[in-house]
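Here is what TrEMBL records for this protein:
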DOMAIN    41-370  domain 'Acyltransferase 3'
TRANSMEM  44-61  transmembrane segment
TRANSMEM  73-96  transmembrane segment
TRANSMEM  117-139  transmembrane segment
TRANSMEM  183-203  transmembrane segment
TRANSMEM  210-227  transmembrane segment
TRANSMEM  239-261  transmembrane segment
TRANSMEM  268-288  transmembrane segment
TRANSMEM  294-314  transmembrane segment
TRANSMEM  334-352  transmembrane segment
TRANSMEM  358-377  transmembrane segment
Amino acid sequence: MPQSVTIFYTQLTITMPKNTPLKNRLFIPLGNTSREQEANNFDFMRFLGACLVIYGHAYPLSGRGTFDHIQLWTRGIFPTAHMGVAIFFVISGFLISQSISRSPSALNFLWKRAVRIFPGLFVAALVTVFVLGAMVTSLPLGEYFTLSETYRYLLVTKLYPPYPDTLPGVFNTSENHTVNGSLWTLAYEFTCYFALLAVNLLFPAKFRKQIILTCFIVTWLSYPFWVEPLSGSSFQIPLFHLRLFNLVDFGMYFVAGCVAFHYRQYILYKGYLALSFFSFWIGTYLLAESSPSIPLSCVVWARYLAIPYLVLYLSFIRGHLNGFGRFGDLSYGLYIYAFPIQRIVVSVLGATAPIGPIILLSFLCVLPFAWLSWNFVEKPCLRLKGIVA
């Protein structure tokens, strides 16, 4: 019988063969979340995030400017579409940290992430070209389907720019010909996966959570020094072609979710603490408004703490929303189909139509696509997660 070594890590005892390859020891399961966190609203919160993105995009797509009503009512504190994406990144940081802790190898981790993102994205690109684009192109269909530009759109499935986001004769009556302006954030999320994988490969298990926490604290504390240079710069990371400011911005929410997972035994999710974080966020805004010496960008600085806590607090409230996932995880489908469908709705109703019907009809039209995507593409492909060890 081969010798084995027993590893005690958090609340889980793991026994593995003594000759287990080193690469597999890099991915030691961290154990389950606490009982209070077993029932969660992650499915609902991601659904809410997707709905916020749909709501926020409805305004610029209908020519009403970049500020939606919620953003105007909150005087810019709550940029709706951006907050929807932030919800995704916070929850992703938490769940991806859990996923990597349960993955036996780096290849298994990357495979699981790939089967979650790429099948749905690839089918969405096909539907966009052969269904949605064909429906609204101003060109004769014979010409539309013979142009190489039509099929070049499928390069959006490579995730990382540059890639074409236009189709021949599609949405060419407006200044912005973009077909799907939501997909660009997927590259930032996948880059966060790579960064987390790098931490797991480069550092021993006992140091990882401290390194992740240190990265968050240092970046958060140094915010006043990097926000102006990065936000005003168009610098892109070589090879990835991603804007550095966006990567740091989204990355802060992702890393906050990672920190919350690794320190989940020590974090309390209580109403009074949620109120405190919310008050800190609003208080920072009021202070910046009343004092010329405090830049308004400090609101974002406070948001990097407040939003992750509030998202996870709402995610761990017990109640009927814990079972929201029984309807399927429609959030990804909503996200990758909404933009082109919203553009079609605006073109049909007209940009001068009331914003309420535009938003409602957009949501009702996107929902069947999201349901079909989950049940016939995403969910079946998730069964392939275990084929790569």
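Along the chain as shown, residues are numbered 1 onward.
Glycine too: its Cβ is placed from the backbone N, Cα and C atoms.
Where the annotation comes from TrEMBL, it is an automatic prediction and has not been curated.
Not measured: the values here are computed from a predicted model.
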Closest-packing stretch to the transmembrane segment (183-203), where packing means Cβ pairs under 8 Å, from 73-96, 210-227, 268-288, 294-314, 358-377: 73-96
Contact call for the transmembrane segment (210-227) and the transmembrane segment (239-261): at least 3 Cβ pairs under 8 Å, seq gap 6+: yes
Mean per-residue pLDDT computed across the domain 'Acyltransferase 3' (41-370): 95
